[in-house]
Amino acid sequence: MTLKHQLILDNLTAGYRDKTILKNINIDISPGQITSIIGANACGKSTLLRTMSRLLTPYKGQVLLDGKSIHNAPTRQLAQTLGLLPQSPIAPEGITVGDLVSRGRHPHHGLMSRWSKTDDEAVAKALETTKTTELLDREVDELSGGQRQRVWIAMALAQETDILLLDEPTTFLDVAHQIEVLDLLVELNQSRGTTIVLVLHDLNLASRYSDQLIAMQQGQIFASGTPELVVTEDIIHTVFGLHSHIISDPISGAPMVLPIGRHKRVTSP
Amino acid sequence: MKNNVNATLSRIKYGRKQRSSRWNCLIVILCLLVMAAFSITLSLGQSFTSPTEVLKVLLGENVPGASFVVGHLRLPRAVISLLVGMSFGMAGVAFQIMLRNPLASPDIIGVSSGTTAAAVFAIIVLNMDGASVAFFSIVMGLLVAISIYALSYRNGAAGTRLILIGIGVSAMIESGIVYLLSQAPAWDRQEALRWLSGSVNSAQLHQALPLLISLLLFGGLLLSRTRDIEALRMGDDTAQSLGVRVGVTRIIVITSSVGLIAVGASITGPIAFVAFLSGPIAMRLIQNNGSLIIPSGLIGACLVMMGDYIGQFLLTSRYPVGVVTGALGAPYLIYLIIRVNRKGGSL
């Protein structure tokens, strides 16, 4: 896939019924890269992702995919390019992993079309990539949190979209599983060139695993760019209201935030 | 590596084949059950009519003794029960899936009583009959559905609130039905029972036509959307990101379910709990081996035919079918309310 899809947010203002949450958002998502949206609670991270994935229609402005507004595009066609893993997807009671992942093929089927070999192959590949092949016949209800999240990612992969949006894919996971999921996303990005946008809570993981960061504050983009540009003491202070000390992550070399609280300090300020 | 992929592929294929063959198998069993219930209704009542005699009557021959009993009494009952049961079963499960809650069936949240009230009003006050009654109750059913939806709408999410409001609306409408019935010039106990709990006692063969049309039209519409409706079970967000037009699918589910319920209820009344019970029973049987809509329709048909048979012949005195299905459904309703209270249920 040489042609990368362009996702551009053009002067977005969006929110829910009586409350405007996003104000005048302008940004180009870098194709073929991993972008994380970071920010304090209730700053509009998830709203931004929901608007980007056309779950929420903006009041003003538009989301352009290759120059065309996604809110007017045929939704099935769009779903072949743009995939989303919501924050809390629901697994139907008793569904097996194989069945759930197969449902990712939905946008590739019309009213009459039959299940084909291509579909099976896409499902097999998704299972392989997420290392969930062994779980194929298990019921989703009986999996551990980490396994379940991998299975949901497999479903999104079976959709075979060039752009994948994930809303806090690591919440509720312990640290080992968080790393596992993020490693998986990196592999996906490298092997398939998938453009990945995710909302992440953990600043240091976001900094380590992303090519680009979008730092949001009160519904606006406060800073965006590479982790080196965004993760600075000033920006972290403005966005999170937190004093910190930035060092270079000894593992990855990315900037790493050491929060400074009121207690537990070796030297007094 | 290549071998691994092939092994995975065949496991995926095997799983899919197994699911669909289980589904087919269960459908065949359910069809046999429906046929069995149908034949029992035709041949076994106060008197026994042999299968050969039943067949002769069905083929239009005049069999002394059997022709009246089978052709005039039992056949209309069986046919209307079958069609109404299918309508209610399909409509019920579509609502339950759409709102992801087994309590959200049209007979719990007031849609069924709304259509029934409209039918009673049209027949008793406006002196309408036939197609105009059905049309009137479809319109009213849609109005009730839309107003319940609107009353419970707050930032989209409409779960428990919708059900509670629906139960309230349902109670209000039912008191309206009782009032209308008490105003009726000729108070007839059978007639009243039909509108309050549903009955096929006054079934006539010509009523099958509107039911058949509604099943083909609205049922067909639901079936054409099976895959989208199934995707709704994973949540609206996931469904939409899989390319389902959630809004459109909802409108289709509401319209066709209300259509199915309204046409059925305008003939037999709201046979209690058939819409409510069919979906969960189908869910237990089918599990995740395929779509629930057709199985739920077949189970609805079984419930109405068996319920009617039990009400007619197996109890101390004769009861309309709605009393029997109501007695079956009530304990399940209590069980569900307890369970939903504890952990929040889904279908």
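For all residues, glycine too, the Cβ spot is worked out from N, Cα and C.
Keep in mind that TrEMBL annotations are predicted by a computer and have not been checked by a curator.
According to TrEMBL, the feature transmembrane segment maps to B:78-99 (among others).
When Cβ-Cβ distances below 8 Å are used as the criterion, the transmembrane segment (B:108-126) is approached by residues 95, 132-134, 136-141, 143-145, 148, 162-163, 165-170, 173-174, 176-177, 180-181, 183-184, 195, 257-258, 261-262, 265-266, 269-270, 275-276, 333 of the same chain, each at least six residues removed from its ends. As annotated by TrEMBL, transmembrane segment applies to B:108-126 (among others).
Taken from TrEMBL, the feature transmembrane segment applies to B:132-151 (among others). Same-chain residues lying 6+ beyond the ends of the transmembrane segment (B:132-151) with a Cβ under 8 Å from its Cβ atoms: 106, 109-111, 114-119, 121-123, 126, 158, 162, 165-166, 169, 173, 210, 214, 254-255, 258-259, 261-263, 265-267.
For B:163-184 (among others), the entry in TrEMBL reads transmembrane segment.
Under the heading transmembrane segment, TrEMBL lists B:204-224 (among others).
Among the features that TrEMBL reports, transmembrane segment is placed at B:251-277 (among others). For the transmembrane segment (B:251-277), the list of distant contacts is 80, 83-85, 87-92, 94-95, 97-98, 102, 105-108, 111-113, 115-116, 118-119, 122, 133-134, 136-138, 140-142, 145-146, 149, 194-200, 203, 207, 210-211, 213-215, 217-219, 221-222, 225, 229, 299-300, 303-304, 307, 321-323, 325-326, 328-330, 332-333: same-chain residues at least six beyond its ends, Cβ to Cβ under 8 Å.
TrEMBL lists B:289-307 (among others) with the feature transmembrane segment. Distant neighbours of the transmembrane segment (B:289-307): 19-20, 22-23, 26-27, 30-31, 33-34, 37-38, 40-41, 78, 81-90, 92-94, 97, 200, 219, 222-223, 226, 229-230, 271, 274-275, 277-279, 281-283, 321-322, 324-325, 328, 347; these residues of the same chain sit at least 6 beyond its ends, with a Cβ under 8 Å from one of its Cβ atoms.
Positions annotated as transmembrane segment by TrEMBL: B:319-338 (among others).
Residues 99, 101, 103-104, 108-114, 116-117, 120-121, 124-125, 144, 147-148, 151-152, 191-192, 195-196 of the same chain lie 6+ residues outside the transmembrane segment (B:163-184) yet bring a C-beta within less than 8 angstroms of a C-beta in it.
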